[in-house]
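Here the structure is laid out as structure tokens; the discussion comes afterwards.
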């Protein structure tokens with residue numbers, strides 16, 4: 001790492017740093033891309049050479065538990081989590097760690113309810129189930145909703161880390177995006193799902209290595225983990241169990257531990273990216289075991305993200321690079337921290353950036369047909385919107401709650417309520433999406449900063465009294481609870497999936513009862529299982 005200028009070398013927080021990749025960093029980053037492409041080439045010229053749809057899309061249903069579980073982990077433990085979790089913990093403390101409480105039910109339910117249904121029907125897509133249970137129109141609507149969700153999500157996943165990297169290091173923005181897109185296209189088009197899964201395994205190892213390197217080196221420079229913990233405690237970054245039941249609170253045990261269950265169900269229960277990996281397993285038992293294996297892996301990834309945030313706090317304290325103007329957003333602060341920690345250790349920054357982009361690479365597979373000019377514009381637009389929605393982590397979870405929640409509701413409607421009919425499913429899905437975007441857009445607009453009023457002309461205000469009045473008024477406004485529609489707009493984003501899936505089920509059941517029940521197809525489907 002090279003530094004252009006510095007001041008006060010004994011005080012790391014006062015360094016004014018312009019950091020760049022060294023040759024070693026570039027080599028390590030390039031090796032990641034070459035290795036990923038190499039996996040695709042290997043599977044293109046081995047086995048059945050991806051000549052059948054079964055082999056290309058389902059990996060010949062030959063995958064064992066371990067690679068499937070690591071691929072499940074990599075698919076949504078993306079650059080969003082690597083950038084978002086540490087900045088979340090640095091800013092707000094370790095309350096976010098309680099999301100791990102949702103992982104147990106969030107994986108146990110898919111393992112014993114959703115996976116057996118999908119696997120025994122020998123489906124190649126989760127949305128085939130919607131056609132069997134309801135009709136083709138419901139399947140098409142579900143598929144279009146999923147594509148919409150993934151396009152938005154990939155825009156954030158692919159563009160946000162590139163934007164952060166560009167802002168901190170000067171690394172070419174579109175060069176990074178283009179390199180990732182081309183490599184993903186190559187290894188997916190040549191090697192199919194089997195190449196994607198094994199590439200996910202490789203990239204998961206890289207992600208673990210990159211995060212561990214940052215934590216070990218950063219903690220060592222801060223004086224050890226005991227010192228990191230002491231500073232975190234003194235800085236009020238170690239959070240206790242917050243049992244506040246208010247759904248408007250951003251993060252509590254209930255929003256994370258209970259609301260998070262519905263988010264995990266939307267991700268690991270009915271999302272096509274995950275279902276396709278379950279269905280590639282050689283047996284139903286292997287598919288179920290993959291859910292059990294991914295559980296401790298998720299806990300490790302969550303803990304690593306929280307530890308990174310605490311090490312960041314130990315290094316900078318309250319004087320964050322964001323406050324000093326070195327970066328513009330919290331998410332860029334993570335990369336600044338990494339470059340700062342590794343500035344005297346060539347190659348390790350390249351390892352972490354490889355880790356960061358490994359998370360993005362593992363996601364792009366899902367919608368490669370959309371990698372076009374239109375996709376690039378969507379990436380750009382969504383990255384801009386994500387910056388306005390708050391942290392990248394919150395933006396991604398909001399997307400899954402707003403769009404994945406209604407999809408979860410449709411599948412629950414089909415599996416748990418035999419009298420639900422196609423009309424109820426369609427109207428329920430439409431109602432769920434309408435509710436989701438009403439709340440989501442309303443929340444977004446409500447958080448936009450209002451115009452600053454100009455001071456009256458030819459008047460003089462006492463500075464002390466003016467400041468005191470402003471402080472008192474700000475306190476009163478912040479203490480006031482939102483009511484009516486504003487309360488709905490203030491709903492924690494972690495409840496989006498639960499709220500929207502429940503809307504689909506309730507509306508779908510009401511419409512089904514009003515338009516006539518639909519037992520025949522449901523009973524036929526149950527007989528197949």
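Backbone N, Cα and C define each Cβ position, glycine as well.
Caution: TrEMBL annotation is automatic and unverified by curators.
TrEMBL has this to say about the protein:
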TRANSMEM  26-45  transmembrane segment
TRANSMEM  65-84  transmembrane segment
TRANSMEM  96-119  transmembrane segment
TRANSMEM  140-161  transmembrane segment
TRANSMEM  205-226  transmembrane segment
TRANSMEM  251-270  transmembrane segment
TRANSMEM  291-314  transmembrane segment
TRANSMEM  334-357  transmembrane segment
TRANSMEM  364-386  transmembrane segment
TRANSMEM  392-417  transmembrane segment
TRANSMEM  424-446  transmembrane segment
TRANSMEM  493-514  transmembrane segment
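Comparison of 26-45, 65-84, 96-119, 424-446 by number of C-beta pairs under 8 angstroms to the transmembrane segment (291-314) places 96-119 first.
Here the transmembrane segment (392-417) does not touch the transmembrane segment (334-357). Their Cβ atoms form fewer than 3 pairs under 8 Å, with each pair 6 or more residues apart. At the 8 Å Cβ threshold, with sequence separation of at least 6, the transmembrane segment (205-226) lacks contact with the transmembrane segment (424-446), having fewer than 3 such pairs. Outside the transmembrane segment (493-514) by six or more residues, the chain places 247, 250-251, 255-256, 258-263, 265-266, 394, 397-398, 400-402, 404-406, 408-410, 412-413, 417, 419-421, 423-425, 427-429, 431-433, 435-436, 439-440, 443 with a CB less than 8 A from a CB of the stretch.
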